[in-house]
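Among the features that Swiss-Prot reports, active site, nucleophile is placed at SER223. The annotation active site, proton acceptor is assigned in Swiss-Prot to ASP540. According to Swiss-Prot, the feature Ca(2+) 1 binding site maps to ASP34, THR35, ASP37, ASN59, an assignment based on similarity to another entry. Taken from Swiss-Prot, the feature Ca(2+) 2 binding site covers ASP34, ASP37, ASP87, ALA88, ASN89. The feature compositional bias 'Basic and acidic residues' is assigned by Swiss-Prot to 416-425. The domain 'C2' annotation in Swiss-Prot covers 1-116. What Swiss-Prot records for 132-729 is domain 'PLA2c', and it gives sequence analysis as the kind of evidence. The feature phosphoserine is assigned by Swiss-Prot to SER498, with similarity to another entry given as support. As annotated by Swiss-Prot, region 'Phospholipid binding' applies to 1-172. Taken from Swiss-Prot, the feature region 'Disordered' covers 406-453.
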Amino acid sequence: MSNIIVEHQYSHRLKLTVVRAENVTKGAFGDLLDTPDPYVELSVPTTPESRKRTRHINNDINPKWNETFEFILDPNQSNVLEVTLMDANYVMDETLGTAKYSLSKLKVAQMEHVTLSIGKTTKVFLDLLLEVCASTDLRFSMTLCDQEKLFMQTRRDRVMLSIKKLLKMENPRFLPSSPREVPTIAILGSGGGFRAMVGFSGVMKALYESGVFDCATYVAGLSGSTWYMSMLYSHPEFPAKGPGDINKELMNRVSNNPLKLLLPQNINRYVKALWKKKSAGQPVTFTDIFGMLIGETLIPGRMNIKLSSLKGKINEGQSPLPLFTCLHVKPDVSELMFADWVEFSPYEIGMAKYGTFMSPGLFGSKFFMGSVVKQYEENPLHFLMGVWGSAFSILFNRVLGVKETTSSSTMEEELEQIKPEHIVGDDSADNEEETQRGGTESADAEDERQRHAQASWVQRMLTSIMGDTTLFTTREGRAGKVHNFMLGLNLNSTLPFSPFSGITHQTSLEEEVDAVTDPDEFERIYEPLDVKSKKIHVVDSGLTFNLPYPLILRCQRGVDLIISFDFSARPSDSSPPFKELLLAEKWARMNKLPFPKIDSKVFDREGLKECYVFKPAKGDKNCPTIIHFVLANINFRNFKAPGVPRDSDKDIEFGDFDIFDEPASPYSTFNFKYNNQAFKRLHDLMEFNTLNNIEVIKEAIKDSILLRRENPARCSVSLSLSEIENKKFLKRDNSIAKRPT
């Protein structure tokens, strides 16, 4: 494994104690009418979460507070402390005076006792202590976190036994003789709404019952597949209870349309819950409500469960590590041109492009320069489910049936009708203080204002959802939004996903630029995130391509065999099934990641098959093998199980269906209700296709074992930072202060 540390800038922590004040006055005339009820407001405009205040003290001209506050400061900014003395009143609080103090005067680790004069007679006494932040709440590294490394070791021992069990009748030379020979296997599920979720449920049943699931180290999902993974891994009886039983629960849940949850009494409950989130200072969009709908449909008894709580399913290596994904996108830029992949696991959330990760409980909190300045509760799993599948909140008009369109139009065609600025907006000017009015109003007046604001916001949300759907044409209603956890960081350079970039042979220019669907695809993927934007937008990863390959192509994970299942929509059942895989290949090559050559002409030579195998070129020791399953009804029409023909009219009728060709197909990407027959057909089809190719999977596992044996240092990365050609994002600022030693 490599030990690559991504450079980041240090910050200062200011500890400020408001000690006391002397001779607080409202002026000669004001003092005759009333004795002040003073409190102090503090502000450092150059830092987030910059407004803080003491309690007020009644009728005291010499108040003593002794209250301590903290600010995270950028030492390269001209930071100025603004101190405002206030008088609390029943209606509107009164400003008594303001003083400023330049924080550049402070020296690290030296306490300063500061006296500020306000007016002619009033003094405010402060204690200021400046510290260097010795650690941050973000982890800056390309390596896997310690928890995942420990998981991999524990899981490897279990996988070794499981592979021996799966291949028990094989020649011993095909079995791993040591943990080093155990291949790392990843299972992938694509997006595709409930079609992907139901199809993946059949896949997982087959993999679980055949023993292949126990041989996998990772399960990665995107959009609809993440919904199934969320339901499976959050189930209290999983993994002791397998997908076979759990899928019956899923069938019952999807037999009712989740839109029935849009009854006024439910919506009112959702929106009021979201007001609490908004009033605490977190951004709220329609993705939050969509996540509630998906959660109430799939995990109704587990709405409070968190991503981090899924660690209990994997800590002993008893199940593959689940990986989920979304995209960070920019305003006014197509997701196909620019997108940063965000990965989620029960251990960490982050972006490998920047080597920046955090614990799941911190995602959504306010950060500055790598440190949390305001922490919120961990988001519930259903919120993340809404983010991971947010294409459907973006296209909710279509889901509702509000927009008239042809049933054959694809999600891509629908999204082309929506300009990027309607999905996301520029948040650089967002007012982070929108819910923090500080001391300008009395407590009673503030409470009344909050009640009116809540009522107004709830009414607007209800009207938008139940009425004219204006919510869907504004940036507020489109994409998920969270506080920017990279706010204030210094992106001088970034490390490529691949530690071999710039050292191995360069991909040919022709391979670099060949378009799969659009000449502009991935054109701007080397650009950096905007570290000045206070919030970032996070959307469905399927908006760039519909397979979560970036998660498991990280060289640190050392994946040998990828078993991917693509449930993406195609124009017809007979259409070539490689579009998403070709996009994944192009993305990998642009990031210098090992990826087998995808020969799309295999479709012309061999026709439509249940799965295709793509192997690395001879001598390529670090490239994974890919088994790519597609959504196709071929042998299932005639066989109810591998080798078992259909022998009754009822059986034959059950297996005789198309997925994309039928005009009234229940398998539309936008269908959120599956009757039992539609569910069983798709579920059983993908279970059959998987079981029908178990021998293909076994052969690939054997090949991976032999490759590991022949290349014991496979995927071992020991390159130093100086050996890697960094991609320059921004010119280095020579004025950046060096961290003191």
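From the backbone N, Cα and C atoms, a Cβ is placed for every residue, glycine too.
A map of Swiss-Prot features onto the structure.
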residue: ASP34; record: Ca(2+) 1 binding site; DSSP class: coil
residue: ASN59; record: Ca(2+) 1 binding site; DSSP class: coil
residue: ASP87; record: Ca(2+) 2 binding site; DSSP class: strand
residue: SER223; record: active site, nucleophile; DSSP class: coil
residue: ASP540; record: active site, proton acceptor; DSSP class: coil
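Annotation for ASN59 (Ca(2+) 1 binding site): spatial neighbours THR35, PRO36, ASP37, criterion Cβ-Cβ under 8 Å with sequence separation of six or more. When the recorded positions ASP34, ASP37, ASP87, ASP540 are compared by the number of other CB atoms within 10 angstroms of each CB, ASP34 has the fewest. One way to see the shell of the Ca(2+) 2 site is to take the Cβ centroid of ASP34, ASP37, ASP87, ALA88, ASN89; the remaining same-chain residues with a Cβ within 8 Å of it are PRO36, PRO38, HIS56, ASP93, GLU94.
By a simple count of nearby Cβ atoms, those within 10 Å, the most crowded of the recorded positions THR35, ASN89, SER223 is SER223. A distance of 49 Å separates the Cα atom of ASP87 (Ca(2+) 2 binding site) from that of the residue listed as 'active site, proton acceptor'. A Cα-Cα distance of 52 Å separates SER223 (active site, nucleophile) from ASN89 (Ca(2+) 2 binding site). Taking the Cβ of ALA88 (Ca(2+) 2 binding site) as centre and 10 Å as the limit, one finds 18 other Cβ atoms among all the protein chains shown.
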